[in-house]
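Shown next, in structure tokens, is the structure this report addresses.
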Amino acid sequence: MAKSLISPENTWALWAILTGISALSIWLEQKYKWAGKVTGCVLALLFAMILANIKVIPVEAPTYDMVWDYVVPLAIPLLLYNANVKKIWKESGRLLLVYLVSGIGTVLGSILAFGVLKNKIPDAYKAAAMMTGTYTGGSVNLVAMADAFDANSELVSTSVVADNLLMALYFFVLIAIPTMNFFLKRYKHPIVDQVEKEGDSGEGKTKAAQFWGAKEISLKDIATAVAISFIIVSLSVEISGFFSKVIPTGNLGLNLLNGLLGNKYLIMTTITMIAATAFSDFFENIKGAQEIGTFLIYIFFTVIGAPASIPLIVTKSPLLLVFCAIIVFTNMLFTFLMGRIFKFNLEEMIIASNANVGGPTTSAAMAIAKGWDKLIVPALLVGTLGYVIGNYYGILVGNLLK
């Protein structure tokens with residue numbers, strides 16, 4: 001592997017780049033409308049991808065592992081403090097239905113991709129599990145599935161590259177769909193019509209700048225938000241470790257149970273969701289958790305862009321790119337086909353498919369960028385729920401195809 005300008009051991013320089021790219025992407029998203037349409041998380045991914053491919057930063061580094069091991073787990077509870085199940089159903093019932101339908105498209109796509117390429121890709125069932133997870137929840141689910149099925153590092157790295165390339169391309173497709181007559185003629189689009197009618201009332205500000213405007217926040221809020229996240233992650237690691245040791249394996253049922261209860265991501269999302277539902281008044285009043293969690297996820301998006309070496313995917317496993325493309329295309333086709341049958345709105349289908357393929361951050365960012373204010377909170381809520389569902393679907397698909 002060719003050496004990069006910044007070595008993998010230069011921890012401080014890499015942290016400076018990761019946080020710098022994240023901050024720059026957020027600034028661009030809030031400053032320029034074109035950047036808002038692309039979304040900051042996609043920009044962060046693309047910037048890191050460019051720097052890695054021109055050999056400025058390495059494609060692998062211990063710093064990146066620290067993000068996967070510590071930053072991502074801490075971000076998940078912070079983003080879930082508003083995941084009150086009763087609220088999700090009340091405020092996002094319709095989008096939740098569209099999202100669940102879209103998720104079935106991901107599962108079908110994974111099974112189809114496995115059937116077509118199982119003899120061409122080694123450990124294809126592991127790839128199917130990882131891609132089902134990431135294309136139902138988000139990239140954090142890919143990590144969880146890689147861990148659950150003990151995927152080798154080369155499969156994980158090429159899967160991350162393929163996932164990111166397809167995800168970035170698909171976001172551009174989703175951004176373009178509301179402007180295409182083919183879709184506008186065939187689906188209802190009341191929110192698009194409303195935005196066009198009302199125009200921009202933000203006094204020159206981008207939609208992202210309006211949404212992420214200054215909020216009142218105290219030192220106590222920051223301390224509470226971060227401390228609770230550390231506690232939840234710590235408990236989850238211990239509980240999942242205990243279950244993975246005591247639950248035997250040997251058949252499909254036990255393997256599934258061990259995989260579910262022995263997964264730290266599943267445990268932490270479940271604990272946070274139960275706490276956020278049972279003590280909703282407390283968690284909803286913790287200011288700044290969404291902002292801190294979102295910034296950490298931007299760092300994560302930067303990191304998943306770093307291993308996206310285009311020569312690596314071309315030389316090592318171009319078929320994995322095809323594998324991912326089959327899943328994403330099936331998700332899109334199934335979502336829009338079911339949308340046609342059940343008369344879903346165009347905006348709901350776009351956000352639901354985005355929440356599946358990208359996750360809550362990207363789907364909410366797209367809703368913000370488009371000015372679809374009614375869908376911002378539902379996008380965050382159903383996308384967040386996808387972090388839980390993605391692990392269930394991934395483990396189910398992986399064990400079925402094993």
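Using N, Cα and C of the backbone, Cβ positions are placed for all residues, glycine too.
Remember, it's a predicted structure, so these values are computed and weren't measured experimentally.
Annotation comment: TrEMBL describes 12-28 (among others) as transmembrane segment.
Annotation source TrEMBL lists transmembrane segment at 35-54 (among others). Through the fold, the transmembrane segment (35-54) approaches residues 4, 17-18, 21-22, 24-26, 28-29, 164, 167-168, 171-172, 175, 206-208, 297-298, 301-311, 358, 361-362, 365-366, 368-370 of its own chain, all at least 6 residues removed from its boundaries and within a Cβ separation under 8 Å.
Residues annotated as transmembrane segment in TrEMBL: 66-83 (among others). Tertiary proximity for the transmembrane segment (66-83) is limited to same-chain residues at least six positions away from its ends with a CB under 8 Å from its CB atoms, namely 18, 140, 143, 225-226, 228-230, 232-233, 236, 264-265, 268-269, 271-273, 276-277, 283-284, 286, 289-290, 292-294, 296-297, 299-300, 303, 360-361, 380-381, 384-385, 387.
Feature annotation from TrEMBL assigns transmembrane segment to 95-117 (among others). Within the same chain, residues 88-89, 124-125, 127-129, 131-132, 135-136, 319, 322-324, 326-335, 338-339, 342, 344, 348-349, 351-353, 355-357, 375, 378-379, 381-383, 385-386, 389, 393, 396-397, 400-401 sit at least 6 positions outside the transmembrane segment (95-117) and bring their C-beta atoms closer than 8 Å to a C-beta of that stretch.
Among the features that TrEMBL reports, transmembrane segment is placed at 165-184 (among others).
Positions annotated as transmembrane segment by TrEMBL: 222-244 (among others). Distant neighbours of the transmembrane segment (222-244): 73-74, 76-78, 81, 258, 261-268, 271-272, 275, 286-289, 292; these residues of the same chain sit at least 6 beyond its ends, with a Cβ under 8 Å from one of its Cβ atoms.
The annotation transmembrane segment is assigned in TrEMBL to 264-283 (among others). Distant neighbours of the transmembrane segment (264-283): 73, 76-77, 80-87, 140-141, 143-144, 232-233, 235-237, 239-241, 243, 387-388, 391-392; these residues of the same chain sit at least 6 beyond its ends, with a Cβ under 8 Å from one of its Cβ atoms.
The annotation transmembrane segment is assigned in TrEMBL to 295-314 (among others). Sequence-distant neighbours of the transmembrane segment (295-314) (same chain, 6+ residues past either end, Cβ-Cβ under 8 Å): 17-19, 21-22, 25-26, 40-42, 44-49, 51-53, 57-61, 64, 67-68, 71-72, 74-75, 78-79, 139-140, 157-158, 160-165, 320-321, 361.
With a cut-off of 8 Å between Cβ atoms, the residues of this chain six or more beyond the transmembrane segment (320-339) that come close are 98, 101-102, 104-106, 108-110, 112-113, 116-117, 121, 124, 127, 131-132, 135, 158-159, 162-163, 165-167, 170, 173, 183, 187, 313, 346, 348-349, 352-353, 356-357. If you look up TrEMBL, you'll see 320-339 (among others) marked as transmembrane segment.
The feature transmembrane segment is assigned by TrEMBL to 375-395 (among others).
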Same-chain residue ranges lying at least 6 outside the transmembrane segment (165-184) that approach it to Cβ under 8 Å: 37-39, 42, 45-46, 192, 308, 310, 313, 321, 324-325, 328, 332, 336, 346-347, 350, 353-354, 357-358, 362, 366, 369-370
